[in-house]
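Asks: Below are the structure tokens for one structure; questions will follow.
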Amino acid sequence: MTKSFRVTLLPGDGIGPEIMTVAVAVLKQVGEQHNIQFDFTEALLGGAAIDATGSPLPAETLSTCQASDAVLLASIGGYKWDDLPREKRPETGLLGLRSGLKLFANLRPATILPQLLSASSLKPEIVEGVDIMVVRELTGGIYFGTPKGIFETEDGQRGVSTMVYHSSEIDRIGKVAFETARKRKGQLCSVDKANVLDVSQLWRDRITALSTHYPDVELSHLYVDNAAMQLVRAPKQFDTIVTGNLFGDILSDAAAMLTGSIGMLPSASLGESGPGVFEPVHGSAPDIAGQDKANPLAQVLSAAMMLRYGLDQPKAADQIEQAVLTVLDQGYRTGDIMSEGMKAVGCREMGEALKQALRPK
Ligand code: NAD
């Protein structure tokens, strides 16, 4: 039986349209082989939307996204729009999209591909085989807690930010993390600072209580300072990590950079119900836009994440991830991951190599 999904495409700015073209071609080809039909609708976001409508997130874009099963986003932004007032900037459109879709969970994988071992700044024997997923809470914690601000006092100015988590917020991110760990190796490490922060003690208590519903997932806890140390000392010990907004912001970047190549990193942002947004970690790379130099693999891996975590099509996701490994095995490299003896290709040729790798043998 053919499954059908409505997918909103947001190519955005800079290299966005180039890498999106490759991802869509890959999805269509995989769809044919797995009886999945994609109903794609393209919409405007970021600079492209500002130029066409004056707004970085037109109402029509948000409603199209809300009515879809998943959103595949490329990248937004560029020099052209840098001097606009904040509410008119491309990034404001992205924040509006995240809040409009009530996305509270950010999933950032850091997988070391054997073919790109040398791209990491750590020793190969430390990073070989690393496969980590960081699940970060996205809408709570110290970035949003109140009171916040800089206040005048008799003793001078006082800066305040407040780290707040409600038990319901911890439970919902905890559920996403346990479910994610279940789809992986079944190990979840919760990161907090419960030795110092009361809010972290509540975090630890709730995650521990939740674990009784997931007897198949092995739960451990680490303090954030130790977690940062362990990530660079022995990253292979981690499978899935769950943590709050601030700690996750820092740890997900550190974990991602174990891989050493920004053009390879996908991400997913999920809500309680409704569509998730799947996008590469990198920006719109205006320095190489329109030159057929972009690496489309982070975008293609974002499409694989969409199939796995947004549309529950793990076999199709596996096939895309396998095709990425195949083209790397064959020596194809865009400029950002090029090394001696490999075959330098542009965005389009990498796309062709992927399509070839996806053909049934
Ligand atoms: P960037 O990620 O766009 O680029 C950083 C460097 O990495 C550049 O040298 C770029 O050429 C290279 N690079 C990035 N992606 C690549 C790819 N797929 N293939 C090959 N090389 C790649 O970050 P930046 O330069 O700081 O930001 C550029 C614009 O992107 C800014 O307007 C910024 O606001 C925006 N941005 C958007 C997002 C997003 O859409 N989520 C994220 C970060 C930055």
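Any Cβ shown, glycine's included, is placed from N, Cα and C.
TrEMBL: automatically predicted annotations, no manual curation.
Checked TrEMBL, it gives:
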{"type": "BINDING", "residues": "78-91, 283-295", "note": "NAD(+) binding site"}
{"type": "BINDING", "residues": "ARG98, ARG108, ARG136, ASP225", "note": "substrate binding site"}
{"type": "BINDING", "residues": "ASP225, ASP249, ASP253", "note": "Mg(2+) binding site"}
{"type": "DOMAIN", "residues": "6-354", "note": "domain 'Isopropylmalate dehydrogenase-like'"}
{"type": "SITE", "residues": "TYR143", "note": "site 'Important for catalysis'"}
{"type": "SITE", "residues": "LYS193", "note": "site 'Important for catalysis'"}
Asks: Which value does the mean pLDDT take for the domain 'Isopropylmalate dehydrogenase-like' (6-354) in this predicted structure?
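Replies: The predicted confidence over the domain 'Isopropylmalate dehydrogenase-like' (6-354), as a mean pLDDT, is 95.
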Asks: Whole-number Å distance between the CA of ASP82 (NAD(+) binding site) and the CA of ARG98 (substrate binding site)?
Replies: 21
Asks: Among residues ARG98, ARG108, ARG136, ASP225 annotated as binding substrate, what is the maximum Cα-Cα distance? Answer in Å.
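Replies: With ARG98, ARG108, ARG136, ASP225 as the binding residues for substrate, the largest Cα distance is 29 Å.
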Asks: Tell me the Cα distance separating ARG136 (substrate binding site) from ARG86 (NAD(+) binding site), rounded to the nearest angstrom.
Replies: 25
Asks: Rank aside, I only need the closest one: which of the recorded positions LYS193, ASP249, ASP253, ALA285 has its C-alpha nearest to that of ARG136 (substrate binding site)?
Replies: ASP249
Asks: Would you mind sorting out which binding-site residues among ARG98, ASP225, ALA285 put a C-beta under 6 angstroms from ligand 1?
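Replies: Only ALA285 meet the Cβ criterion.
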Asks: Between LYS193 (site 'Important for catalysis') and ASP249 (Mg(2+) binding site), find the distance joining the two CA atoms and give it rounded to the nearest Å.
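Replies: Their Cα atoms are separated by 15 Å.
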Asks: Same chain only, sequence gap of 6 or more: which residues have a CB within under 8 Å of the CB of ASP225 (substrate binding site)?
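Replies: Correct list: LYS193.
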Asks: Within 10 Å of the Cβ of LYS293 (NAD(+) binding site), how many other Cβ atoms can be counted across all chains shown?
Replies: 18
